[in-house]
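Taken straight from TrEMBL:
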type: TRANSMEM; residues: 12-31; note: transmembrane segment
type: TRANSMEM; residues: 43-65; note: transmembrane segment
type: TRANSMEM; residues: 71-97; note: transmembrane segment
type: TRANSMEM; residues: 234-252; note: transmembrane segment
Amino acid sequence: MAFRLSNNLVGILNFITFLLSIPILGAGIWLSREGVTECERFLDKPVIVIGVFLMLVSLAGLIGACCRVTWLLWLYLVVMFLLIVLGIVFTIFAFAVTNKGAGEALSGKGYKEYRLGDYSNWLQKRVTSQKNWNKIKSCLADSKVCTDFHDKYLNTSASEFSQTHLSSVQSGCCKPSNDCQFMYVGPTNWTRGSAESNNPDCNLWNNNLNTLCFDCQSCKAGFIDNLRSSWKKVAIVNIVFLIFLIIVYSVGCCAFRNNRRDNYYQQQTWKP
């Protein structure tokens with residue numbers, strides 16, 4: 001009974017995982033063939049790797065548990081153990097690099113502004129790398145975050161706009177910094193005034209929808225703030241996933257022990 005319960009449970013869980021790996025792998029292959037933007041092409045290889053990895057690991061667990069292949073189940077447990085260790089390390093790391101930084105509240109404004117230096121050095125280096133930032137800009141353009149921002153607030157007055165609650169990306173990438181003291185004409189249309197500013201982003205601002213402040217430090221800071229928020233959510237989800245992995249690993253250990261016991265009994269039976 002114990003054999004059937006643990007082995008069958010591992011088999012069922014890995015069969016479900018195997019089924020889930022098929023659409024993931026298919027999505028990766030589709031992106032590699034049909035992806036036309038830099039953002040889509042950036043995702044294809046990681047998605048394919050994840051799909052293949054899940055498929056191989058689930059097959060190892062399925063065959064090892066249901067067909068009593070002890071060495072395959074042992075390999076499966078080693079991979080699961082490494083996944084648990086990596087998951088714990090990633091969770092600690094994610095909380096560490098996202099612990100620093102937050103938007104700066106402005107007096108009389110509904111939105112916040114974001115400074116690149118407020119965030120962890122590790123995130124800064126990864127995001128501000130020219131190669132990485134070009135890919136990120138492509139993703140921001142594909143998401144039409146500033147185009148939708150322009151359409152949504154097109155008929156908004158200056159006083160109404162100043163009280164608007166904006167996302168970190170909208171505030172950093174779709175409008176100039178408050179330091180520039182530009183005159184508001186529209187959400188993505190601003191007139192330069194006579195005031196001087198030490199903020200280098202002021203010289204990078206352009207009313208062209210394809211340019212705006214995508215090369216500004218504030219845009220990179222806004223993206224990092226958004227990334228920071230997402231990573232914290234992923235880390236919390238990862239804790240739940242780790243609990244699930246530990247449960248599966250424990251059941252797998254029972255199945256492995258049962259496999260060894262069954263093999264031992266068979267060897268004793270076959271002895272003359």
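Residue numbers in this text run from 1 along the chain shown.
The backbone N, Cα and C atoms fix where each Cβ goes, glycine too.
Proximity of distant same-chain residues to the transmembrane segment (71-97), defined by a Cβ-Cβ separation under 8 Å and at least 6 residues beyond the stretch ends, is recorded for 10, 57, 60-61, 63-65, 120, 122-123, 228, 231-232, 234-235, 238-239, 241-242, 245-246, 248-249, 252-253, 255-256, 259. Taking Cβ pairs closer than 8 Å, the transmembrane segment (234-252) reaches residues 6, 9-10, 13, 61, 65, 73, 76-77, 80-81, 83-84, 87-88, 90-91, 94-95, 98 in its own chain, all 6 or more past its ends.
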